[in-house]
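The FAD binding site annotation in TrEMBL covers B:Arg210, B:Ser235, B:Arg236, B:Gly266, B:Ile267, B:Ser268, B:Gly269, B:Ala270, B:Ile271, B:Gln272, B:His273, B:Asn287. The domain 'Electron transfer flavoprotein alpha/beta-subunit N-terminal' annotation in TrEMBL covers B:3-187.
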Amino acid sequence: MKVLVCISQVPDTVTKITLKDNNTAVDENGVTFIINPYDEWYALVRALELKEAGIAEAVHLITVGKVNTEPTIRRALAVGGDEAVRIDADSNDPYVIANYIAEYAKAAGYDLILCGKESIDYHSGAVGPMLAELLDADYIGFATSIALEGGIATVKREIEGGEETDSCALPVVISCQKGVAEARIPNMRGIMSARSKALKIITPTPVPELIAIDHYEMPPQKAGVKLIAPDQMDELVNLLHQEAKVI
Amino acid sequence: MSVIVLIEHSSGNIKKKSFEAVQYASEIAQRLGTSATAVVAGSVADSEMQKLGEYGAKKVLHVPDERLNNLHTRAYCRLLITAARQENSEVIVTLHDVNGRAIAPRVAVALKAGLVSGALSYPDLDQGFMIKKSVFSGKAFAFVKVTTAIKVIMLVPNTFQLSKTTGSVIIEKLSVPFEDKDFAIKVTEVNKVTGQIPLADAELVVSGGRGLKGPENWGLIENLAKELGAATACSRPVADAHWRPHHEHVGQTGGTIRPNLYIAAGISGAIQHLAGVSGSKTIVVINKDPEAPFFKAANYGVVGDVMEVLPRLTEAVRKFKENHQ
Ligand SMILES: Cc1cc2nc3c(=O)[nH]c(=O)nc-3n(C[C@H](O)[C@H](O)[C@H](O)COP(=O)(O)OP(=O)(O)OC[C@H]3O[C@@H](n4cnc5c(N)ncnc54)[C@H](O)[C@@H]3O)c2cc1C
Ligand SMILES: Nc1ncnc2c1ncn2[C@@H]1O[C@H](COP(=O)(O)O)[C@@H](O)[C@H]1O
């Protein structure tokens, strides 16, 4: 049983976003990049647990990104995993990313592909289901727990207003969120051993983008908070009714 | 040519956010000089489907297969693809929710269509089909241009105000060449939180943080929520400490919500928390610390002790409702 974990690099939530080139691009100067939290904390760690439990033989990582994403995939290897591949390309179109991953995954043959529920930059959550379609595999989204036995995946996933348990034969693509695993902090041994792990770099056959970002806009400044005295709750309710029109 | 829109229902009742999607699709259709066709799967009565006309749909394609009462994503993909091909559609609309997000990306791949997830606007047709979406946890908006002939759009629920008109629909059966693999995933257990408003769809949300001190004080949050008809949410440390169930946790690592009203009580307003709630239309912050960062993101603020303010606010809402019946 081989597991592939999809890792994307994203700006840290706490970094400030500024625009450049007439608002057509994000200024990456001074932006701290991290492993997408859903990929690191949940997808990757669950894959490692499956290996530690003797259920998975190998855990491979994959990222689609230019050379500037290499520190991020190395950091992911420090958390764990046997080897990694970086597809040397960059795109904001999940269709393109999914095609590159699918091409690699088809050739290598994985039983389980784990990704995050969404990347925290563009919030598409589209790479996982697209990958499943390209591989003609099943897809289970928003998983909160994943168990494997005898080639069957038993997955709890978020549904509207609750949770459902699905069972499905491998291969399957699953997107992970909180609950699937507990985040791990890479230790010194992990960091040291990551250096000697294989990182393959593949130049893909280019896939044309189906969407393009035209420009960005910063959200309008909030008008400023209106303070209401703690003993004037009738006034607050009136404001919510008459001014904000939300009740 | 028509614009296709996927409908979601719960035990035969069409969800409000699906009416919103229909209204959105109809408006796009009008701008494109065509009409909207709603696709309904599973057991829904004709009288219920007629309501789709009140939001602008002209036609309904119904797939009455009972298996579709469960959301088998591959089956839903196939039926959308079948409908899109039959209608020669150039635009397909779903919701940006747990269901739409499992279906729309697959459909986009199958039709080689450009996908806009998290749509917050109508397509700007003067700009060659450009749609606004929120990026970087609400810190910016991106304007995405779709360059393919067929477009798939996932609309964020609660983006547009519903307005009912008159209108009726023609209901037609759609036959879909399902394959076994479309139903390969077996649902073995379903646990729905009953008697509560699902957080993801709630228009009003009351949320508590560590300032509530402990689970024993959550009655204050629940009472206000009940009085308002709101859902309840919490900050991450609250869920981590098991004061509240995990599905209530909002923020970067929890759920993302965009209610009309978000009341945050005893929550500091850390950036990771704001990432999940900054799309809320109106934010009320109750915090005893006037320097709490949340006030910067708030529309209305109350500097005070939640233990005193929450019961007063609950009482004020009760009185308000009494006078506005
Ligand atoms: C990578 C990462 C991801 C994270 N993801 C999330 C996430 O998804 N969601 C999330 O919420 N957090 C997340 N966090 C944690 C986040 O940074 C904050 O630590 C957390 O939101 C704080 O929760 P809190 O406001 O409830 O608690 P605190 O920060 O402890 O704030 C409590 C607030 O209550 C006020 N208070 C205390 N007593 C009273 C009283 N009697 N009356 C009125 N006010 C009172 C205080 O003034 C204070 O402002 C994440 C952190 C990291 C590093
Ligand atoms: N560039 C990428 N390289 C590898 N995996 C990715 C990439 N982008 C997204 N993914 C995976 O797909 C998931 C959903 O991402 P997205 O569709 O971009 O929201 C992420 O959590 C990752 O697991």
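Yeah, the Cβs are placed from backbone N, Cα and C, and that goes for glycine too.
Shown here: features listed in TrEMBL, placed on the structure.
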residue: B:Arg210; record: FAD binding site; CB count, 10 Å: 16
residue: B:Arg236; record: FAD binding site; CB count, 10 Å: 21
residue: B:Ile267; record: FAD binding site; CB count, 10 Å: 31
residue: B:Gly269; record: FAD binding site; CB count, 10 Å: 20
residue: B:Ile271; record: FAD binding site; CB count, 10 Å: 19
residue: B:His273; record: FAD binding site; CB count, 10 Å: 27
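Mean model confidence of the domain 'Electron transfer flavoprotein alpha/beta-subunit N-terminal' (B:3-187) amounts to 96 (pLDDT, 0 to 100 scale). Filtering B:Arg210, B:Ile267, B:Gly269, B:Ile271, B:His273 by Cβ distance to ligand 1 (under 6 A) retains the following binding-site residues: B:Arg210, B:Ile267, B:His273. Across the residues annotated as binding FAD (B:Arg210, B:Ser235, B:Arg236, B:Gly266, B:Ile267, B:Ser268, B:Gly269, B:Ala270, B:Ile271, B:Gln272, B:His273, B:Asn287), the two Cα atoms farthest apart lie 18 Å from each other.
Contact with chain A, taken as any Cβ pair under 8 Å, is found for none of the binding-site residues B:Arg210, B:Arg236, B:Ile267, B:Gly269, B:His273. DSSP gives B:Gly269 (FAD binding site) a coil state; it is part of no helix or strand.
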